[in-house]
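What TrEMBL says about this one:
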DOMAIN    20-431  domain 'Ammonium transporter AmtB-like'
TRANSMEM  20-39  transmembrane segment
TRANSMEM  51-74  transmembrane segment
TRANSMEM  102-123  transmembrane segment
TRANSMEM  135-154  transmembrane segment
TRANSMEM  174-195  transmembrane segment
TRANSMEM  216-233  transmembrane segment
TRANSMEM  245-269  transmembrane segment
TRANSMEM  281-312  transmembrane segment
Amino acid sequence: MTVSPVLKAWEECDKVDTLFILVCTVFCWPIVPTVGIAYGGYAWKRNGMSAAMAAVLTIATCSIQWFIIGYTLAYGEGGGWFFGDFKYIFHRGVLSEPVGTIPAILFSEFQLVFEATVCAIAVGGFCERGRLWPILPFIFLWSTFIYCPLAHMVWGGGVLGEELGVLDFAGGTPVHVCSGATATALSIYLSYPIFRSRKSEVRTPTHIRLHRPGSSFYQLLAMIIIWGSWLAFDAGTTLTLSFQSVMALCVTNLCASAGALTWACITFFETGRWSLDSTFMGAIAGLVMITPAAGFIDMPTAFCFGIFGALLCRQALRIKFTNFAHHWRWVDNGDTFATHCVGGIAATICTGLFAQKEVAAYGGLHIAGGVFFDGNIRQLWVQIVEVLVGFAWSFAGSYVLIALIDCVPGLEVLAIDKYISAGLDLNETEESLAGLEYPGEVDYSPTTKGTISLD
(Lines of atoms letter the chains of each structure in order from A and count residues from 1; the text may use other names and numbers.)
(Lines give C-alpha, C1' and ligand atoms only; values in the text may rest on other atoms or scores of the structure.)
Protein backbone atom coordinates (compact mmCIF):
# COMPACT_ATOMS: atom_id res chain seq x y z
CA MET A 1 0.00 0.00 0.00
CA THR A 2 1.40 3.40 -1.04
CA VAL A 3 1.69 5.90 1.80
CA SER A 4 0.41 9.38 0.99
CA PRO A 5 3.20 11.99 0.94
CA VAL A 6 1.02 14.17 3.15
CA LEU A 7 0.67 11.45 5.78
CA LYS A 8 4.36 10.64 5.53
CA ALA A 9 5.24 14.27 6.21
CA TRP A 10 2.71 14.31 9.05
CA GLU A 11 4.54 11.45 10.76
CA GLU A 12 7.70 13.55 10.79
CA CYS A 13 5.99 16.25 12.88
CA ASP A 14 6.30 16.24 16.66
CA LYS A 15 2.81 15.46 17.99
CA VAL A 16 3.36 17.14 21.37
CA ASP A 17 4.53 20.38 19.75
CA THR A 18 1.70 20.18 17.24
CA LEU A 19 -0.90 19.79 19.99
CA PHE A 20 0.67 22.63 21.94
CA ILE A 21 0.54 25.08 19.03
CA LEU A 22 -2.95 23.89 18.09
CA VAL A 23 -4.18 24.75 21.59
CA CYS A 24 -2.34 28.09 21.54
CA THR A 25 -3.95 28.95 18.20
CA VAL A 26 -7.43 28.17 19.53
CA PHE A 27 -6.81 30.30 22.61
CA CYS A 28 -5.41 33.18 20.52
CA TRP A 29 -8.23 33.43 17.99
CA PRO A 30 -10.75 35.13 20.35
CA ILE A 31 -8.40 38.07 20.73
CA VAL A 32 -9.36 39.36 17.26
CA PRO A 33 -13.08 40.04 17.90
CA THR A 34 -12.24 40.95 21.50
CA VAL A 35 -10.15 43.87 20.30
CA GLY A 36 -13.39 45.06 18.73
CA ILE A 37 -15.22 44.53 22.02
CA ALA A 38 -12.56 46.65 23.70
CA TYR A 39 -13.02 49.45 21.19
CA GLY A 40 -16.78 49.13 21.64
CA GLY A 41 -16.25 49.63 25.36
CA TYR A 42 -14.08 52.71 24.82
CA ALA A 43 -16.51 54.27 22.35
CA TRP A 44 -19.55 56.40 23.03
CA LYS A 45 -22.51 54.09 23.60
CA ARG A 46 -23.98 54.99 20.22
CA ASN A 47 -20.76 54.01 18.45
CA GLY A 48 -20.10 50.73 20.26
CA MET A 49 -21.28 48.25 17.62
CA SER A 50 -19.68 50.09 14.70
CA ALA A 51 -16.38 50.08 16.59
CA ALA A 52 -16.67 46.36 17.34
CA MET A 53 -17.85 45.43 13.84
CA ALA A 54 -14.57 46.58 12.28
CA ALA A 55 -12.70 43.81 14.12
CA VAL A 56 -15.28 41.21 13.08
CA LEU A 57 -14.83 42.20 9.45
CA THR A 58 -11.10 41.85 9.96
CA ILE A 59 -11.38 38.15 10.81
CA ALA A 60 -13.03 37.16 7.55
CA THR A 61 -11.12 39.52 5.28
CA CYS A 62 -7.68 38.66 6.68
CA SER A 63 -8.42 34.93 6.50
CA ILE A 64 -9.19 35.21 2.78
CA GLN A 65 -6.23 37.49 2.10
CA TRP A 66 -3.87 35.17 3.99
CA PHE A 67 -5.12 32.15 2.02
CA ILE A 68 -4.73 33.85 -1.35
CA ILE A 69 -1.48 35.74 -1.05
CA GLY A 70 -0.67 36.82 2.50
CA TYR A 71 1.15 33.73 3.70
CA THR A 72 3.39 33.46 0.66
CA LEU A 73 4.31 37.16 0.83
CA ALA A 74 5.26 36.86 4.49
CA TYR A 75 6.85 33.40 4.56
CA GLY A 76 7.41 32.38 0.95
CA GLU A 77 10.82 30.80 0.40
CA GLY A 78 13.40 32.33 -1.87
CA GLY A 79 12.04 35.85 -1.58
CA GLY A 80 13.98 39.07 -1.23
CA TRP A 81 14.55 41.55 1.56
CA PHE A 82 10.96 42.81 1.61
CA PHE A 83 8.66 40.11 0.15
CA GLY A 84 8.52 36.34 0.05
CA ASP A 85 8.10 34.63 -3.30
CA PHE A 86 4.84 33.28 -4.74
CA LYS A 87 5.55 29.61 -4.08
CA TYR A 88 2.62 29.28 -1.66
CA ILE A 89 0.04 31.41 -3.47
CA PHE A 90 -3.47 30.07 -2.74
CA HIS A 91 -1.72 27.90 -0.13
CA ARG A 92 -0.37 25.48 -2.72
CA GLY A 93 1.68 22.85 -0.95
CA VAL A 94 1.00 24.26 2.52
CA LEU A 95 0.02 20.97 4.16
CA SER A 96 1.87 18.77 6.63
CA GLU A 97 5.50 19.40 5.68
CA PRO A 98 7.16 20.39 8.95
CA VAL A 99 7.97 23.98 9.76
CA GLY A 100 10.27 23.28 12.64
CA THR A 101 8.42 20.43 14.29
CA ILE A 102 4.82 21.35 13.41
CA PRO A 103 2.88 21.02 10.12
CA ALA A 104 3.06 23.97 7.75
CA ILE A 105 -0.72 24.42 7.69
CA LEU A 106 -0.78 24.88 11.48
CA PHE A 107 2.15 27.30 11.31
CA SER A 108 0.20 29.26 8.70
CA GLU A 109 -2.93 29.37 10.85
CA PHE A 110 -0.99 30.53 13.90
CA GLN A 111 0.65 33.31 11.90
CA LEU A 112 -2.74 34.31 10.46
CA VAL A 113 -3.86 35.09 14.01
CA PHE A 114 -0.98 37.55 14.24
CA GLU A 115 -2.01 39.35 11.06
CA ALA A 116 -5.69 39.50 12.02
CA THR A 117 -4.87 40.77 15.52
CA VAL A 118 -2.60 43.52 14.24
CA CYS A 119 -5.21 44.58 11.70
CA ALA A 120 -7.99 44.60 14.31
CA ILE A 121 -5.90 46.91 16.48
CA ALA A 122 -4.99 49.11 13.52
CA VAL A 123 -8.54 49.76 12.32
CA GLY A 124 -9.19 51.33 15.70
CA GLY A 125 -8.14 54.49 13.91
CA PHE A 126 -11.58 54.51 12.26
CA CYS A 127 -13.40 54.54 15.61
CA GLU A 128 -16.28 57.01 15.97
CA ARG A 129 -15.62 58.89 12.71
CA GLY A 130 -14.91 56.39 9.94
CA ARG A 131 -17.34 54.40 7.81
CA LEU A 132 -17.32 50.61 7.82
CA TRP A 133 -17.60 49.99 4.07
CA PRO A 134 -14.16 51.43 3.14
CA ILE A 135 -12.59 49.28 5.87
CA LEU A 136 -12.97 46.12 3.75
CA PRO A 137 -10.66 47.16 0.88
CA PHE A 138 -8.35 48.81 3.37
CA ILE A 139 -7.94 45.57 5.36
CA PHE A 140 -7.10 43.56 2.23
CA LEU A 141 -4.66 46.12 0.81
CA TRP A 142 -3.08 46.90 4.16
CA SER A 143 -2.50 43.23 4.94
CA THR A 144 -0.90 42.72 1.54
CA PHE A 145 1.30 45.80 1.29
CA ILE A 146 1.99 46.77 4.91
CA TYR A 147 1.80 43.84 7.32
CA CYS A 148 3.05 40.96 5.15
CA PRO A 149 6.22 42.75 3.96
CA LEU A 150 6.98 43.86 7.51
CA ALA A 151 6.45 40.32 8.84
CA HIS A 152 8.76 39.02 6.10
CA MET A 153 11.41 41.60 6.91
CA VAL A 154 11.45 40.60 10.59
CA TRP A 155 10.49 36.91 10.70
CA GLY A 156 10.36 35.56 7.15
CA GLY A 157 14.03 35.84 6.17
CA GLY A 158 14.00 39.50 5.15
CA VAL A 159 16.40 42.35 5.68
CA LEU A 160 15.69 43.15 9.33
CA GLY A 161 15.79 39.64 10.72
CA GLU A 162 18.12 37.76 8.41
CA GLU A 163 20.55 40.57 7.58
CA LEU A 164 20.53 42.85 10.63
CA GLY A 165 19.64 40.32 13.31
CA VAL A 166 16.85 42.16 15.14
CA LEU A 167 15.44 40.61 18.31
CA ASP A 168 11.66 40.63 18.08
CA PHE A 169 10.19 37.60 19.77
CA ALA A 170 6.45 38.07 19.16
CA GLY A 171 6.05 41.38 17.37
CA GLY A 172 7.20 44.62 18.98
CA THR A 173 7.43 46.21 15.53
CA PRO A 174 5.28 43.98 13.23
CA VAL A 175 2.49 43.96 15.84
CA HIS A 176 2.55 47.05 18.03
CA VAL A 177 4.52 49.70 16.16
CA CYS A 178 2.78 48.66 12.96
CA SER A 179 -0.74 48.75 14.40
CA GLY A 180 -0.14 51.95 16.36
CA ALA A 181 1.41 53.79 13.41
CA THR A 182 -1.41 52.62 11.14
CA ALA A 183 -4.16 53.71 13.53
CA THR A 184 -2.43 57.08 13.91
CA ALA A 185 -2.24 57.53 10.13
CA LEU A 186 -5.95 56.70 9.80
CA SER A 187 -6.89 59.09 12.56
CA ILE A 188 -4.85 61.92 11.06
CA TYR A 189 -6.37 61.33 7.63
CA LEU A 190 -9.88 61.52 9.10
CA SER A 191 -8.90 64.86 10.66
CA TYR A 192 -7.29 66.11 7.45
CA PRO A 193 -8.71 64.22 4.44
CA ILE A 194 -7.39 65.26 1.05
CA PHE A 195 -9.81 63.68 -1.43
CA ARG A 196 -13.55 62.91 -1.57
CA SER A 197 -14.13 63.18 2.18
CA ARG A 198 -12.75 66.71 2.11
CA LYS A 199 -14.72 67.80 -0.93
CA SER A 200 -18.03 66.51 0.41
CA GLU A 201 -20.47 69.18 1.61
CA VAL A 202 -21.93 66.88 4.25
CA ARG A 203 -18.61 65.89 5.84
CA THR A 204 -16.69 68.26 8.10
CA PRO A 205 -13.39 67.00 9.55
CA THR A 206 -13.26 68.02 13.19
CA HIS A 207 -12.06 67.08 16.63
CA ILE A 208 -14.60 65.00 18.56
CA ARG A 209 -15.22 65.57 22.24
CA LEU A 210 -13.53 63.33 24.76
CA HIS A 211 -15.80 61.13 26.80
CA ARG A 212 -15.81 58.39 29.40
CA PRO A 213 -15.84 54.74 28.23
CA GLY A 214 -19.25 53.77 26.93
CA SER A 215 -19.36 50.40 28.70
CA SER A 216 -17.13 49.23 31.53
CA PHE A 217 -18.60 45.74 31.21
CA TYR A 218 -17.21 45.34 27.70
CA GLN A 219 -13.87 46.63 28.88
CA LEU A 220 -13.84 44.04 31.67
CA LEU A 221 -14.76 41.28 29.23
CA ALA A 222 -12.07 42.42 26.79
CA MET A 223 -9.42 42.61 29.49
CA ILE A 224 -10.10 39.03 30.64
CA ILE A 225 -9.93 37.57 27.14
CA ILE A 226 -7.02 39.64 25.81
CA TRP A 227 -4.90 39.02 28.90
CA GLY A 228 -5.41 35.27 28.66
CA SER A 229 -5.00 35.10 24.90
CA TRP A 230 -1.75 37.05 25.03
CA LEU A 231 -0.24 34.39 27.28
CA ALA A 232 -0.90 31.85 24.52
CA PHE A 233 0.47 34.26 21.92
CA ASP A 234 3.84 34.61 23.56
CA ALA A 235 4.10 31.00 24.72
CA GLY A 236 3.15 29.68 21.27
CA THR A 237 5.66 31.88 19.47
CA THR A 238 8.35 29.35 20.38
CA LEU A 239 6.53 26.89 18.03
CA THR A 240 7.55 24.12 20.41
CA LEU A 241 6.78 23.05 23.95
CA SER A 242 9.98 24.05 25.72
CA PHE A 243 11.08 25.73 28.91
CA GLN A 244 11.32 28.96 26.92
CA SER A 245 7.59 28.78 26.15
CA VAL A 246 6.88 28.36 29.87
CA MET A 247 9.11 31.32 30.70
CA ALA A 248 7.47 33.40 27.99
CA LEU A 249 4.05 32.77 29.51
CA CYS A 250 5.26 33.64 33.01
CA VAL A 251 7.06 36.88 32.10
CA THR A 252 4.06 37.97 30.01
CA ASN A 253 1.67 37.58 32.92
CA LEU A 254 4.04 39.31 35.35
CA CYS A 255 4.64 42.25 33.04
CA ALA A 256 0.92 42.74 32.41
CA SER A 257 0.20 42.50 36.14
CA ALA A 258 2.86 45.07 37.00
CA GLY A 259 1.52 47.44 34.36
CA ALA A 260 -2.11 47.03 35.43
CA LEU A 261 -1.40 47.60 39.12
CA THR A 262 0.90 50.55 38.49
CA TRP A 263 -1.64 52.40 36.34
CA ALA A 264 -4.55 51.56 38.66
CA CYS A 265 -2.70 52.77 41.77
CA ILE A 266 -1.64 56.04 40.15
CA THR A 267 -5.25 56.72 39.19
CA PHE A 268 -6.42 55.90 42.73
CA PHE A 269 -3.91 58.29 44.31
CA GLU A 270 -4.96 61.03 41.88
CA THR A 271 -8.73 60.60 42.11
CA GLY A 272 -9.39 58.58 45.25
CA ARG A 273 -11.28 55.98 43.20
CA TRP A 274 -10.40 52.74 41.44
CA SER A 275 -10.81 52.61 37.66
CA LEU A 276 -11.30 49.55 35.49
CA ASP A 277 -10.36 51.61 32.45
CA SER A 278 -7.00 52.51 34.01
CA THR A 279 -6.37 48.91 35.07
CA PHE A 280 -7.14 47.70 31.55
CA MET A 281 -4.86 50.29 29.94
CA GLY A 282 -2.06 49.38 32.32
CA ALA A 283 -2.41 45.70 31.46
CA ILE A 284 -2.32 46.51 27.74
CA ALA A 285 0.81 48.62 28.28
CA GLY A 286 2.45 45.67 30.04
CA LEU A 287 1.46 43.24 27.30
CA VAL A 288 2.83 45.60 24.67
CA MET A 289 6.12 45.99 26.54
CA ILE A 290 6.71 42.26 26.89
CA THR A 291 5.81 41.22 23.34
CA PRO A 292 9.21 41.62 21.61
CA ALA A 293 11.16 40.51 24.68
CA ALA A 294 9.12 37.58 26.06
CA GLY A 295 11.65 34.93 25.03
CA PHE A 296 14.73 36.94 25.92
CA ILE A 297 14.32 38.36 29.46
CA ASP A 298 13.93 36.98 32.98
CA MET A 299 11.23 37.60 35.58
CA PRO A 300 12.79 40.60 37.43
CA THR A 301 13.37 42.38 34.13
CA ALA A 302 9.79 41.69 33.05
CA PHE A 303 8.51 43.19 36.29
CA CYS A 304 10.45 46.39 35.61
CA PHE A 305 9.26 46.41 32.00
CA GLY A 306 5.65 46.41 33.20
CA ILE A 307 6.11 49.35 35.55
CA PHE A 308 8.09 51.37 33.01
CA GLY A 309 5.58 50.64 30.23
CA ALA A 310 2.65 51.77 32.36
CA LEU A 311 4.35 55.02 33.34
CA LEU A 312 5.44 55.81 29.79
CA CYS A 313 2.16 54.97 28.07
CA ARG A 314 0.18 56.86 30.71
CA GLN A 315 2.17 59.99 29.95
CA ALA A 316 1.64 59.47 26.21
CA LEU A 317 -2.09 59.15 26.84
CA ARG A 318 -2.16 62.67 28.26
CA ILE A 319 -1.49 64.10 24.80
CA LYS A 320 -5.08 63.70 23.68
CA PHE A 321 -6.33 65.74 26.65
CA THR A 322 -4.25 68.81 25.79
CA ASN A 323 -5.30 72.02 24.05
CA PHE A 324 -2.72 71.15 21.41
CA ALA A 325 -4.63 67.97 20.55
CA HIS A 326 -7.95 69.82 20.38
CA HIS A 327 -6.51 72.61 18.24
CA TRP A 328 -4.91 70.22 15.76
CA ARG A 329 -7.86 67.77 15.74
CA TRP A 330 -5.75 64.99 17.28
CA VAL A 331 -8.04 62.02 17.97
CA ASP A 332 -6.83 58.82 19.63
CA ASN A 333 -10.08 57.36 20.93
CA GLY A 334 -8.80 53.79 20.80
CA ASP A 335 -5.60 54.88 22.59
CA THR A 336 -3.58 52.98 20.00
CA PHE A 337 -0.94 55.67 19.66
CA ALA A 338 -0.38 55.97 23.41
CA THR A 339 -0.20 52.23 24.08
CA HIS A 340 0.71 50.29 20.94
CA CYS A 341 2.82 52.86 19.08
CA VAL A 342 4.69 54.50 21.95
CA GLY A 343 4.78 51.29 23.97
CA GLY A 344 5.88 49.22 20.96
CA ILE A 345 8.75 51.60 20.20
CA ALA A 346 9.91 51.54 23.82
CA ALA A 347 9.55 47.76 24.06
CA THR A 348 11.59 47.11 20.92
CA ILE A 349 14.41 49.38 22.07
CA CYS A 350 14.35 47.96 25.61
CA THR A 351 14.68 44.47 24.16
CA GLY A 352 18.00 45.51 22.67
CA LEU A 353 19.06 46.85 26.05
CA PHE A 354 18.03 43.95 28.31
CA ALA A 355 17.90 40.76 26.19
CA GLN A 356 19.86 37.86 27.70
CA LYS A 357 21.42 35.11 25.63
CA GLU A 358 21.09 32.77 28.62
CA VAL A 359 17.30 33.11 28.62
CA ALA A 360 17.12 32.70 24.84
CA ALA A 361 19.07 29.46 25.19
CA TYR A 362 16.14 27.97 27.13
CA GLY A 363 14.50 27.50 23.74
CA GLY A 364 17.62 26.58 21.83
CA LEU A 365 18.08 30.08 20.41
CA HIS A 366 21.59 31.46 20.07
CA ILE A 367 21.73 35.25 20.23
CA ALA A 368 24.43 37.77 21.11
CA GLY A 369 22.25 39.31 23.81
CA GLY A 370 21.67 42.95 24.65
CA VAL A 371 23.63 45.85 26.05
CA PHE A 372 23.38 45.53 29.83
CA PHE A 373 23.68 41.79 30.44
CA ASP A 374 25.89 40.71 27.52
CA GLY A 375 27.64 43.91 26.45
CA ASN A 376 26.31 43.80 22.89
CA ILE A 377 25.98 47.51 22.09
CA ARG A 378 25.32 46.83 18.40
CA GLN A 379 21.94 45.30 19.28
CA LEU A 380 20.62 48.66 20.47
CA TRP A 381 21.26 50.29 17.08
CA VAL A 382 19.75 47.32 15.28
CA GLN A 383 16.57 47.67 17.34
CA ILE A 384 16.38 51.40 16.63
CA VAL A 385 16.68 50.75 12.90
CA GLU A 386 13.84 48.23 13.15
CA VAL A 387 11.61 50.78 14.88
CA LEU A 388 12.35 53.49 12.32
CA VAL A 389 11.72 51.19 9.36
CA GLY A 390 8.57 49.73 10.92
CA PHE A 391 7.04 53.08 11.82
CA ALA A 392 7.86 54.75 8.49
CA TRP A 393 6.65 51.76 6.46
CA SER A 394 3.39 51.45 8.40
CA PHE A 395 2.51 55.12 8.78
CA ALA A 396 3.35 56.29 5.26
CA GLY A 397 1.96 53.19 3.57
CA SER A 398 -1.29 53.27 5.52
CA TYR A 399 -1.80 56.95 4.81
CA VAL A 400 -1.32 56.39 1.09
CA LEU A 401 -3.71 53.42 1.06
CA ILE A 402 -6.53 55.19 2.89
CA ALA A 403 -6.09 58.27 0.67
CA LEU A 404 -6.37 56.12 -2.47
CA ILE A 405 -9.49 54.43 -1.14
CA ASP A 406 -10.98 57.84 -0.39
CA CYS A 407 -10.63 58.68 -4.10
CA VAL A 408 -13.18 56.02 -5.09
CA PRO A 409 -16.83 57.16 -5.33
CA GLY A 410 -18.87 55.49 -2.62
CA LEU A 411 -15.82 54.73 -0.49
CA GLU A 412 -15.55 58.06 1.30
CA VAL A 413 -13.85 57.17 4.57
CA LEU A 414 -15.17 59.98 6.77
CA ALA A 415 -18.74 59.53 7.98
CA ILE A 416 -21.40 62.16 7.34
CA ASP A 417 -21.67 64.87 10.00
CA LYS A 418 -25.21 64.06 11.11
CA TYR A 419 -24.39 60.39 11.52
CA ILE A 420 -21.34 61.19 13.66
CA SER A 421 -23.49 63.45 15.82
CA ALA A 422 -26.27 60.88 16.17
CA GLY A 423 -23.92 57.94 16.63
CA LEU A 424 -22.67 55.65 13.86
CA ASP A 425 -24.61 52.66 15.16
CA LEU A 426 -27.82 54.29 13.95
CA ASN A 427 -26.53 54.32 10.36
CA GLU A 428 -23.62 51.91 9.94
CA THR A 429 -25.09 48.86 11.69
CA GLU A 430 -28.46 47.29 12.42
CA GLU A 431 -27.65 46.67 16.06
CA SER A 432 -26.04 48.38 19.03
CA LEU A 433 -24.06 47.32 22.06
CA ALA A 434 -26.16 49.72 24.16
CA GLY A 435 -29.88 49.77 24.81
CA LEU A 436 -30.77 52.42 22.26
CA GLU A 437 -34.20 53.40 21.00
CA TYR A 438 -34.14 53.27 17.23
CA PRO A 439 -36.26 55.56 15.04
CA GLY A 440 -39.69 54.04 14.53
CA GLU A 441 -39.51 51.94 17.66
CA VAL A 442 -40.12 54.60 20.29
CA ASP A 443 -43.85 53.95 20.34
CA TYR A 444 -43.55 50.22 19.70
CA SER A 445 -46.10 47.96 21.38
CA PRO A 446 -46.34 44.17 21.01
CA THR A 447 -50.11 44.45 20.64
CA THR A 448 -52.13 46.78 18.50
CA LYS A 449 -53.43 48.99 21.32
CA GLY A 450 -50.70 48.29 23.78
CA THR A 451 -52.88 46.17 26.05
CA ILE A 452 -53.71 42.50 26.27
CA SER A 453 -57.31 41.33 26.41
CA LEU A 454 -58.48 37.78 26.93
CA ASP A 455 -61.60 36.36 25.36
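Here the Cβ of each residue, glycine as well, is placed from N, Cα and C on the backbone.
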Problem set entry | Selected stretch (most C-beta pairs under 8 A with the transmembrane segment (102-123)) from 20-39, 135-154, 174-195, 216-233, 281-312 | 20-39
Problem set entry | Remote residues contacting the transmembrane segment (51-74) - C-beta distance under 8 A, at least 6 residues beyond either end | 32-37, 39-40, 42-43, 83-91, 94, 108, 111-112, 115-116, 119-120, 123-124, 126-128, 132, 135-136, 139-140, 143-144, 147-149, 151-152, 155-156, 334, 428-429, 433
Problem set entry | Cβ contacts under 8 Å made by the transmembrane segment (245-269) with residues that lie 6+ beyond its boundaries | 20, 169-170, 227, 230-238, 275, 278-287, 289-290, 293-295, 297-299, 301-307, 309-311, 314, 359, 362-363
Problem set entry | Sequence-remote partners of the transmembrane segment (20-39) [C-beta within less than 8 Å, at least six residues beyond its ends] | 51-56, 58-59, 102, 106-107, 109-110, 113, 116-117, 120-121, 124, 127, 218-219, 221-223, 225-226, 228-233, 235-236, 239-241, 245, 280, 334
Exercise. Taking residues 6+ outside the transmembrane segment (281-312), which of them lie with a CB under 8 Å of any CB in it?
Worked result: 167-173, 175-176, 223, 226-227, 230, 233-234, 237-238, 244, 247-248, 250-252, 254-264, 266, 335, 339-340, 342-344, 346-348, 350-351, 354-356, 359-360, 362-363, 365, 367, 370
